[in-house]
Amino acid sequence: MATHEEFIRTQVFGTVFEITNRYTDLNPVGMGAFGLVCSATDTLVGQPVAIKKIMKPFSTAVLAKRTYRELKLLKHLRHENLICLQDIFLSPLEDIYFVTELQGTDLHRLLQTRPLEKQFVQYFLYQILRGLKYVHSAGVIHRDLKPSNILINENCDLKICDFGLARIQDPQMTGYVSTRYYRAPEIMLTWQKYDVEVDIWSAGCIFSEMIEGKPLFPGKDHVHQFSIITDLLGSPPRDVINTICSENTLKFVTSLPHRDPVPFQERFKTVEPDAVDLLRRMLVFVPKKRITAADALVHPYLAPYHDPTDEPTAEAQFDWDFNDADLPVDTWRVMMYSEILDFHKIGGGDGQIDTNAAFDDQVAAAHAAAMAQHHHQTQQQSSGKHTNPTTSSSAATITVTVPIAITMPSLIMVIKRFTT
């Protein structure tokens with residue numbers, strides 16, 4: 001049964017937030033480079049949600065492509081330890097809004113409040129690696145894994161978020177994106193050659209931070225970051241140096257004095273041996289020698305939670321055919337409308353709530369208008385005329401549960417404080 005929804009406009013941190021009346025109790029929870037995130041209540045199901053506004057997604061082809069990539073990934077990647085897309089809509093101002101589950105806090109904020117007990121370090125690392133096993137099996141690299149991109153609720157359920165920078169598993173990459181503290185050395189040294197192992201390095205840095213309560217490699221800049229990595233791991237081996245493409249970087253690395261590695265058992269003297277062994281296998285200079293997410297899950301340190309029957313891989317590889325395309329904004333707009341329409345046609349993945357009839361008509365009309373506009377512009381590229389179709393939406397909801405749970409009142413109370 002279709003429902004009628006209207007858009008309500010409000011100001012949040014000086015930013016116009018334009019959402020349907022299905023969502024109430026809007027409160028800001030975070031601001032990123034590409035959008036604003038607010039908490040809200042989904043009145044249709046009576047549950048809290050997070051709403052991320054992508055501001056001016058069609059202002060440039062680069063931003064349109066990035067938004068399209070994030071939407072495609074959120075639709076494709078469906079796993080208990082990954083943030084789940086519950087709704088998506090376009091406002092009359094043509095901003096795009098992603099609606100996901102609302103988690104109580106993130107790991108960065110949690111680590112600032114208190115040290116974590118051993119069982120929480122184990123359980124959180126297990127869930128991170130469980131999610132990465134799935135992501136990597138889909139042919140995807142997260143590329144920006146860090147504590148602030150790891151969300152946690154009061155049941156200690158963990159979800160990895162922010163796939164806007166994720167990329168294909170391609171041996172030829174350009175640029176580096178991850179936050180410095182969690183950046184793998186091959187990104188700093190080669191820039192163009194890296195794979196899923198960069199996520200394992202980031203997870204290892206996060207693992208150490210959960211153990212010690214502070215970043216393992218808090219570099220002040222690019223040079224200092226590399227220097228403190230070599231303080232622990234020693235000088236990079238020859239097979240790493242041979243991959244350096246930049247002449248300046250090569251000169252810098254080869255000019256450094258030789259450093260011997262520090263045994264992990266010596267660096268982490270008070271940490272249990274199994275934890276030190278797993279950390280040592282994650283933080284390896286040579287990417288292909290790092291432990292994989294799948295192998296890490298069977299390590300003795302994670303034995304309390306490891307379940308080979310409940311650590312799924314992706315059913316299909318993610319389709320990256322669009323990723324190398326250099327398309328105009330209006331083509332990305334057409335593709336975006338198609339993806340949004342498809343999301344609502346399949347009920348957000350489970351079809352539990354059928355409120356899509358009105359949305360189908362409205363977005364289909366907008367899609368048809370965009371298609372007509374795109375066709376017109378391909379016929380008359382010199383005209384420079386643009387139209388801005390608008391639309392509203394109904395929505396669908398998906399419910400996700402995690403079968404594993406542990407509790408400790410002290411930590412749960414800390415997480416709850418972030419939600420009140």
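Cβ from N, Cα, C; glycine included.
All protein chains included, Asp144 (active site, proton acceptor) registers 21 other Cβ atoms within 10 Å of its own Cβ. In three-state terms derived from DSSP, Asp144 (active site, proton acceptor) belongs to neither a helical nor a strand segment and is classed as coil. Under the heading active site, proton acceptor, Swiss-Prot lists Asp144, citing sequence analysis as support.
Residues or ranges marked as ATP binding site in Swiss-Prot: Val29, Gly30, Met31, Gly32, Ala33, Phe34, Gly35, Leu36, Val37, Lys52. Non-local contacts of Gly35 (ATP binding site) by the CB criterion (under 8 A, 6+ apart in sequence, same chain) comprise Lys52, Lys53, Ile54, Met55.
Annotation source Swiss-Prot lists phosphothreonine at Thr174.
Here Swiss-Prot flags Tyr176 as phosphotyrosine.
The region 'Disordered' annotation in Swiss-Prot covers 372-394.
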Inter-residue Cα distance where the pair is Asp144 (active site, proton acceptor) and Met31 (ATP binding site), in Å
16
Give me the long-range Cβ neighbours of Val29 (ATP binding site): same chain, 6+ apart, Cβ under 8 Å, in sequence order.
Val37, Cys38, Ser39, Ala50
With the fewest other Cβ atoms within 10 Å, the residue among the binding-site residues Met31, Val37 is Met31
